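Novice: One structure coming up, written as C-alpha cells, with questions to follow.
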C-alpha cells in the first residue's frame, strides 16, 4: 500500500507544517504587516525600557515594580514567540515551520500567557494587601515572597503546558499539513491529526478553566474586597488615591483577558464567526497586552514616568 509506505516514511509526524497566515485575508497580508510590525516594535521598546528602568533604579526595587518587571518579561516572550513568524508569513519570506519548532512555539505561547495570568493574580493580591491591610504589606510582600511568586509563575506555566507536547506528539498526522493560522497553538495543531483528539480538547478546556479561568475569578474576588475597602475610607481624596493605584492594573487585566477569552470561546463555540476573525483575535491577544501594558503603567504611574525619563535621557 503506497499510503502505508508513506505513513512509515513520515513516522506519523510531518517534517513541517505550512502556516497560511490569516486565511481569507491573504490580499491584505502586506497591509496587515504594517500595524503588526509597528505594534511589535512598540511592545519590544516599551517592555525593554520598563525592565531597564526597574532594574537600574534602586527606588523601584519594591514588590509592585518587581511584579511589573516579571510581567514585562512574560510579555516579551509572548510577543516574540509568535509575531516574528507571523511577519515572515505576511511578507512571504517563510510559511513553513518544522514540527518541533511548531511545538516549541506552542509551548512558549501558552507558557508565557499562563505565567502572565499568574503574575496578574499576584498583582491583584498585592493591591488587595496594600489597600485592605496596609500595615501588614511590608511583612507579607518581602523580596523572598516576590521571588517565590516568580518561580510559581514559571512552574505553573511549565506544568500546565508541558504535557500538551506529549499529547500532540502521540497523534498521527497523515492528513494535510496546512494550518490556517499565523502561529502554532495547541488545538490548531491537534486539529491536523487523523485520530481522536478528545483528550486534547478536554485537556485544553481543563487547563483554561484551571489557570486563566481560576485567576480571573480570584482577581474578581480581590477587586470586590478592594472596592469595599475603598468605599469605607473616610475622605474622598483617600478613595480616589486608592482607586488610582488599582486603575492601571484593572486596565491591564481587561486588556489581557478580553482577547484571551474571546479567542478561546470563539474557537470552541463561535462556528458562525468568520475564520479570519478567530485568527485576528488570536493575534490581538499576543500583540495588544505586550504593547499596551508598558504604556498604561508609564502613563498611570508618576514614579515610573519620571524614572524612565531620567534613565533614558541620562543614558542618551
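Placement of Cβ uses the backbone N, Cα and C atoms for every residue, glycine included.
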Novice: Could you tell me which of the ranges 65-83, 84-102 is annotated in TrEMBL as transmembrane segment?
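Specialist: Checked against TrEMBL: transmembrane segment maps to 65-83.
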Novice: Which is it, of 8-30, 31-53, that TrEMBL names as transmembrane segment?
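Specialist: Result: 31-53 is the stretch TrEMBL calls transmembrane segment.
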Novice: At a C-beta cut-off of under 8 Å, are there same-chain residues at least 6 beyond the transmembrane segment (277-297) that contact it? List them, or none.
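Specialist: Distant Cβ neighbours of the transmembrane segment (277-297) are 21-23, 36, 39-40, 42-43, 46-47, 49-50, 68, 71-72, 75-76, 78-79, 82-83, 86, 109, 113, 116, 180-183, 185, 248, 251-252, 255-256, 259-260, 262-263, 266-267, 270, 304.
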Novice: What same-chain residues lie close to the transmembrane segment (216-234): Cβ under 8 Å, and 6 or more beyond its ends?
Specialist: 120-121, 124-125, 127-128, 131-132, 242-243, 246, 250, 253, 257, 261
Novice: Give the nonlocal contacts of the transmembrane segment (31-53) in its own chain as ranges (CB under 8 Å, at least six residues past its ends).
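Specialist: Those are 22, 25, 60, 68-69, 72-73, 75-76, 79-80, 83-84, 86-87, 90-91, 283, 287-288, 290-291, 293-295, 297-298, 304, 307-308, 311-312, in sequence order.
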Novice: Counting a contact as 3 or more Cβ pairs under 8 Å, with residues at least 6 apart in sequence, do the transmembrane segment (145-168) and the transmembrane segment (246-265) touch?
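Specialist: Checked: the transmembrane segment (145-168) vs the transmembrane segment (246-265), no contact.
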Novice: For the transmembrane segment (246-265), find every same-chain residue at least 6 residues outside the stretch whose CB is under 8 Å from a CB in it, and list them.
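Specialist: Distant Cβ neighbours of the transmembrane segment (246-265) are 71, 113, 116-117, 120, 123-124, 127, 131, 208, 212, 216, 219, 223, 226, 278, 281-282, 284-285, 288-289, 292-293, 296-297, 299-301.
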